[in-house]
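To start, the structure under review is shown below, and the notes come after it.
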Amino acid sequence: MTQPVMNPENYQVQLDEKTEALSAMFSEFDVPELEVFSSPAENYRMRAEFRIWHEGDDMYYVMFDQKTKEKYRVDYFLPATRLINDLMPLLAEAIKGSKTLRYKMFQVDFLSTLSGEILVSMLYHRQLDDAWKEEAAVLKQQLNEKGFNLNLIGRARKMKIVLDQEFVIEKLKVNDDILTYKQVENSFTQPNGVVAQKMLEWAVDCTQDSQGDLLELYCGNGNFSLALAKNFDRVLATELAKPSVESAQYNIAANNIDNVQIVRMSAEDFTDAMEGKREFRRLKDQNVDLKSYNCNTIFVDPPRSGMDEGTCKMVQGYERIMYISCNPDTLKENLAILSKTHNITRFALFDQFPYTHHMEAGIFLERK
């Protein structure tokens, strides 16, 4: 099977179709005109994963068709950044020439940045030894001498070898600010860097006249928290995943931001804490006094499942709500509750995933 054809000349057509679909989907609500934020038509995806196919002396990248499950060879991957595409053939050629590096390798993951750093994870169906580490170190040096700013990770069952760091440092331009973000391998990062910048700028614009404090649920590595910090007196943000919390703490320090506090707990537990249903030792240990915060704006960026009813009702207690959604279906369900108490004053489509049916939406609501 050959690689599916993706034609950048059709980019605007698919974006127009999404615009119409999202507008129609939310037509039952009183929404303002949809703001549409486009993606580059190609080389927009910051990360990519490929299986490795061994065929005699040859070795190459493959992907699998989602419907037929048939494999197809990938020598150039149009959605991926130029940085990934520039590295792919050089990496494959170098690995192909090393019995140690290619033996039982089955997958390669790339994580790139707009800042120029790239992280490559090489996955194996065997345990890795000192010989692998030595060859990988040589490979890393060779590629960096060719102009790449690259780190390598070797993974096998219950083991990981890191050369020399397991993260990249991304720099995003948000209006006149340059924000620094630590992005760790295997943790969530925004897949489309250019659109991520547009999302941050939109969020900053929506909240520029804010007063008081901001509460953010599901904050990840602090992606939005850091950009929004300048619009609020203080930001209190929650996140459950430990690697994301650690990255968020790093990012706060790297950007010299002193008004953001991250709490590691689930949105559901935080809802209970806010409503005084139970006390959480974690809050006491981190010296977080919820009563000292004057949060009249809340920011939510939930997983695809959306917010549960209890969290929706807690969110309704805030004057202003910003909701970023990767699943318009659950956003619509949540809006059925939120729109009873709040008006929708901003409505946006972010084309994070061109040429797919996936749509990222942003809604800003203010109390009626």
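For all residues, glycine too, the Cβ spot is worked out from N, Cα and C.
With a cut-off of 8 Å between CB atoms and residues at least 6 apart in sequence, the same chain places PRO303, ARG304, GLN352, HIS358, GLU360 near CYS326 (active site, nucleophile), listed in sequence order. In this structure, CYS326 (active site, nucleophile) belongs to neither helix nor strand by DSSP; it is coil. Positions annotated as active site, nucleophile by Swiss-Prot: CYS326.
Annotated active site, proton acceptor per Swiss-Prot: GLU360, in sequence order.
Counting every protein chain shown, the Cβ of ASN223 (S-adenosyl-L-methionine binding site) has 28 other Cβ atoms within 10 Å. What Swiss-Prot records for GLN190, TYR218, ASN223, GLU239, ASP301 is S-adenosyl-L-methionine binding site, and it gives sequence analysis as the kind of evidence.
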Extent of the S-adenosyl-L-methionine binding site in Å [max Cα distance among GLN190, TYR218, ASN223, GLU239, ASP301]: 16
Cβ-Cβ neighbours of TYR218 (S-adenosyl-L-methionine binding site) (radius 10 Å): 22
Residues within 8 Å of the GLN190, TYR218, ASN223, GLU239, ASP301 Cβ centre (excluding the S-adenosyl-L-methionine site residues themselves): PHE188, CYS219, GLY220, ASN221, GLY222, PHE224, SER244, ILE324
